[in-house]
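Features of the protein shown, as given by TrEMBL:
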type	residues	note
TRANSMEM	21-39	transmembrane segment
TRANSMEM	59-78	transmembrane segment
TRANSMEM	90-107	transmembrane segment
TRANSMEM	113-131	transmembrane segment
TRANSMEM	143-163	transmembrane segment
TRANSMEM	175-196	transmembrane segment
TRANSMEM	224-247	transmembrane segment
DOMAIN	224-406	domain 'Major facilitator superfamily (MFS) profile'
TRANSMEM	259-278	transmembrane segment
TRANSMEM	290-308	transmembrane segment
TRANSMEM	314-336	transmembrane segment
TRANSMEM	348-368	transmembrane segment
TRANSMEM	380-398	transmembrane segment
Amino acid sequence: MNMHTTDLRSRAAATPSRSTFILLISAILLAAANMRAAITSVPPLATMIRESTGLSTSAMGWLTTIPLIGFAIFSPLAPAFARKFGIERTLAASLLIMTAGIAIRGAASVPMLFVGTIGIGIAIAVCNVLLPSIVKKNFTNSIGLMTGLYSMTMGLVGAISAATSVPLAQRAGLGWSNTLLVWGAVSMLGFCAWLIQARAARTRANVGTAESGHRRTNVWTSGLAWQITLFMGLQSFNFYIAVAWLPDMLISKGFTSEHAGYMLSLMQIMGIPVNLLIPIIAERMKDQRLAIVAAGLVSITGYIGLFSNEAASLTAAVVLMGLGQGASISLLFMLFALRTKHAADAAALSGMAQSMGYVLAALGPIGLGLLHDATGSWKWPIAVMVTIGCAMTIFGMASGRKRYVE
């Protein structure tokens with residue numbers, strides 16, 4: 001971040017002082033740090049949780065699906081909350097809810113496991129929707145760089161959570177429930193950062209008032225908005241399938257649970273460099289179609305590689321999946337800002353795309369868990385991932401044309 005601070009500071013839309021500016025970037029990155037860790041920490045512990053609670057494979061799929069349902073329900077509400085209470089206060093409240101959800105989930109009982117997961121899903125939904133709007137509002141000339149920074153942070157912390165779950169549970173002796181509690185400290189830091197922003201915002205205009213003269217666009221009637229929504233849904237469908245079931249897929253091919261957890265972490269890590277670099281490059285392109293198609297093809301190649309039973313081929317497949325998915329999600333977050341003219345419209349587009357997109361994505365973990373239970377094999381779920389990857393690339397290419405949601 002230090003390498004880019006001077007450049008970003010000179011181009012930020014409105015920051016009263018250097019310290020305020022640095023606190024804003026820190027708050028954005030802390031919010032991003034909480035957008036995956038609470039979810040990616042669960043799949044490596046799936047075997048332990050099943051053995052402890054007696055949950056079936058398809059029931060475990062609900063632990064990944066429930067947050068997606070929360071995304072679908074609360075994403076369209078987030079812009080309204082931001083207009084009523086202020087974007088900073090809304091983000092602070094969401095991270096407080098996340099902290100409570102993580103605490104409840106760590107109670108080591110099946111009901112609390114699911115109740116806490118619901119709270120986590122609500123909180124992540126709000127962060128998902130409002131961060132692109134914050135970037136559009138405050139970093140108009142640095143959308144690619146800021147999108148890259150927070151996407152990179154999201155991927156990095158997600159990778160750390162996946163890699164450390166099993167060692168913390170087994171080697172450190174925390175068990176699965178206490179391991180999940182660890183991430184409450186990160187969400188509490190995020191809450192404190194946005195509480196500071198909320199207090200500072202009392203003297204500044206938020207998204208709802210800063211653009212009070214702008215008539216908000218009805219994104220639900222825009223063809224482009226629906227293309228972005230389908231791009232979002234199909235990308236998320238495959239990503240959350242990988243988060244939920246990649247460890248189990250690899251365990252079925254001979255990997256240990258710890259090694260499978262490291263592979264999920266590897267997928268996240270491989271997305272980190274492209275999280276940062278691809279948005280910066282794509283922002284300078286005539287449009288984003290070529291970047292989106294390249295990301296889609298890399299992802300598809302990775303999904304096809306999951307058919308292999310060779311450790312080296314599976315490792316290569318995971319690397320390609322990480323690269324393709326990391327590039328795709330960064331490009332998607334960019335589109336919320338690049339395809340709108342105002343921050344309020346960016347929030348509305350983000351809310352729509354993530355609401356309807358996650359309705360589609362929510363079908364993935366539970367649906368493919370049921371498909372696996374019915375067939376006793378991961379071949380058909382992998383075939384579905386390949387098909388979805390092709391469809392995602394088609395809608396992504398349509399979304400990449402330079403135009404605006406109007």
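Any Cβ shown, glycine's included, is placed from N, Cα and C.
Heads up, TrEMBL stuff is auto-annotated, nobody curated it.
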Can the transmembrane segment (143-163) be said to touch the transmembrane segment (224-247) if we require at least 3 CB pairs below 8 Å and skip pairs under 6 apart in sequence?
no
What average pLDDT is reported by the model for the domain 'Major facilitator superfamily (MFS) profile' (224-406)?
91
Dominant neighbour of the transmembrane segment (59-78) in 21-39, 113-131, 175-196, by Cβ pairs under 8 Å:
113-131
